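S.K.: What follows is a single structure, and I will ask about it in a moment.
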């Protein structure tokens with residue numbers, strides 16, 4: 001007999017669900033743990049259709065995993081959020097969140113209420129962020145461009161392009177500085193999305209290059225067109241310039257065969273008139289996302305205009321933004337009249353088709369509204385080029401964040417070790433139950449230097465103990481304050497001054513990863529009940545016929 005409330009599913013409550021959630025989070029963290037740090041290893045992921053991805057990027061690994069457990073999904077989304085918000089630190093944010101959960105579960109087993117733990121974690125996170133901002137940040141104005149290059153090198157050190165760190169770091173910094181513009185509030189902005197990254201497999205990765213201007217992976221639509229135009233006026237069209245045909249279903253009854261020729265002529269004339277309206281404004285470069293008819297190409301060749309077809313929508317948007325053009329999906333106004341004005345054109349100093357590496361590319365140089373830059377990556381194969389692109393994206397985001405926040409923190413586990421010592425001392429000053437949670441938060445942060453050392457095949461216990469001793473000395477003894485920059489040297493297996501060595505990370509990466517990891521851990525920690533509904537069975541009659549409903553007594557006849 002069913003109770004007054006029957007749930008069509010499984011219900012898991014209390015300690016059991018909390019343990020399940022912690023195990024799910026720990027298993028996700030274990031997948032990405034070995035890819036952390038400059039000597040982290042790569043993962044090979046093969047999807048259901050056999051596509052192979054080789055990567056070291058935490059967000060990419062977790063995006064490609066098909067995770068079923070709801071708590072594990074929270075961590076996968078967490079890595080994605082960190083990637084979108086900051087661009088780097090995706091692996092460490094997942095590892096910290098899982099460790100916070102694991103330690104919280106231990107406290108719950110000791111009969112500490114989850115609410116007390118949540119309060120302690122929130123307090124510890126707030127205190128940690130305050131400590132970073134007051135004691136650990138280094139102003140980039142003191143260090144200049146070298147600081148940006150070092151931050152980019154630190155980001156790349158764990159990636160495939162880390163071997164040529166100096167070469168790529170300079171390229172990344174130059175690319176980000178090239179797209180700088182000032183917004184309406186007078187603040188400098190660095191839109192990383194406007195840097196076009198093209199991949200061409202072949203040659204070595206050292207033969208990658210930075211181009212000042214927007215590189216378009218297309219060629220001119222006809223051989224008769226000019227390959228170079230100075231003082232370009234660019235029209236960006238989101239429709240095809242092909243002979244207009246009547247829509248399907250339109251029937252025209254013709255009594256005179258000559259009328260058929262007139263209809264065909266009119267179809268051709270509609271497109272011809274559109275082209276004439278565009279060319280009349282002085283446009284000499286036409287970019288369209290659709291196709292261009294051979295008949296239409298003739299008009300462009302005659303007027304010595306460059307026309308490019310099948311341009312990607314993404315590229316068209318970026319070019320329009322850089323050149324000041326307006327993207328048009330139709331020439332018709334609300335009244336139905338077709339027109340094209342000169343104000344809709346974008347401007348650039350030069351548009352030229354060049355052979356770069358082994359491919360023909362169209363370069364749009366010195367655009368009027370904003371500057372643009374393109375990076376062409378070379379690599380042994382497609383897997384390598386894809387991973388280089390992901391590594392480059394992380395480095396570009398890091399440089400952008402350093403320029404915007406104007407501050408960096410030392411890398412190599414220095415921040416986590418300093419926070420661990422500080423929060424342990426802070427916990428002892430608390431007279432409430434939150435003391436235990438803050439102490440566990442401090443212990444959880446040590447997972448980062450620990451994992452870095454393990455991945456580098458070093459003695460993690462010994463290294464982390466030495467690191468903590470240095471940071472304790474820095475906080476206790478004001479005369480030895482400079483020891484707070486001490487982090488790990490993973491190649492030689494000893495602590496070193498990471499400020500002098502130039503191992504830097506953007507402050508935002510550390511602050512955001514702490515905040516995101518704490519919030520994710522709290523979200524999962526608050527769960528004490530899981531109700532998983534059964535999928536509706538096929539022989540379920542609830543969606544049956546009228547006769548079935550009458551027969552079951554659900555409705556009266």
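Backbone N, Cα and C atoms are what each Cβ position is placed from, and that goes for glycine too.
According to Swiss-Prot, the record shows the following:
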BINDING   37, 89, 90, 91, 92, 158, 159, 412, 505  ADP binding site
BINDING   37, 89, 90, 91  ATP binding site
BINDING   88  Mg(2+) binding site
COMPBIAS  538-550  compositional bias 'Basic and acidic residues'
MOD_RES   1  N-acetylmethionine
MOD_RES   6  phosphoserine
MOD_RES   181  phosphotyrosine
MOD_RES   199  N6-acetyllysine
MOD_RES   400  N6-acetyllysine
MOD_RES   494  N6-acetyllysine
MOD_RES   552  phosphoserine
REGION    538-557  region 'Disordered'
S.K.: List, in sequence order, the residues of the same chain other than 37, 89, 90, 91 whose Cβ lies within 8 Å of the centroid of the Cβ atoms of the recorded ATP site.
M.R.: 32, 35, 36, 58, 88, 92, 93, 94, 95, 158
S.K.: Sort residue 181 (phosphotyrosine) into helix, strand or coil using the DSSP assignment.
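M.R.: Note: residue 181 (phosphotyrosine) is in a strand by DSSP.
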S.K.: Quick one: of the recorded positions 37, 400, 494, 505, which has its CA closest to the CA of residue 199 (N6-acetyllysine)?
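M.R.: Closest by Cα: 400.
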S.K.: How many other Cβ atoms are found within 10 Å of the Cβ atom of residue 89 (ATP binding site), counting all protein chains shown?
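M.R.: Neighbour count, Cβ to Cβ under the 10 Å cut-off: 30.
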S.K.: Please report the distance from the Cα of residue 400 (N6-acetyllysine) to the Cα of residue 159 (ADP binding site), rounded to the nearest angstrom.
M.R.: 18
S.K.: So which recorded positions out of 88, 91, 181, 494 end up within 10 angstroms of residue 37 (ADP binding site), measuring C-alpha to C-alpha?
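M.R.: Matched recorded positions: 91, sequence order.
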S.K.: I want to check the contact list for residue 91 (ATP binding site): same chain, sequence separation of six or more, C-beta distance under 8 angstroms. What comes out?
M.R.: 32, 33, 35, 36, 40, 57, 58, 79
S.K.: Counting across all protein chains present, how many other Cβ atoms fall within 10 Å of the Cβ of residue 90 (ADP binding site)?
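M.R.: There are 28 such Cβ atoms around residue 90 (ADP binding site).
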S.K.: Out of 159, 181, 494, point to the one nearest the residue listed as 'Mg(2+) binding site' in space (Cα versus Cα); all of them are recorded positions in the record.
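M.R.: Answer for the nearest of the recorded positions: 159.
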S.K.: Only counting partners 6 or more residues apart, tell me which same-chain residues put their Cβ under 8 Å from the Cβ of residue 494 (N6-acetyllysine).
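M.R.: Once residues fewer than 6 apart are set aside, residue 494 (N6-acetyllysine) is near 463, 466, 488.
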S.K.: Work out the three-state DSSP category of the residue listed as 'Mg(2+) binding site'.
M.R.: coil
S.K.: Would you identify the secondary structure of residue 37 (ADP binding site) according to DSSP, in three states?
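M.R.: DSSP call for residue 37 (ADP binding site): coil, neither helix nor strand.
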S.K.: If you pair up every Cα among 37, 89, 90, 91, the residues annotated as binding ATP, what's the maximum separation in angstrom, rounded to an integer?
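M.R.: This binding site's residues have a maximal Cα-Cα distance of 12 Å.
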S.K.: Looking at the binding-site residues 89, 90, 92, 159, 505, which has the shortest Cα distance to the residue listed as 'phosphotyrosine'?
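M.R.: Considering only the listed binding-site residues, the nearest one is 505.
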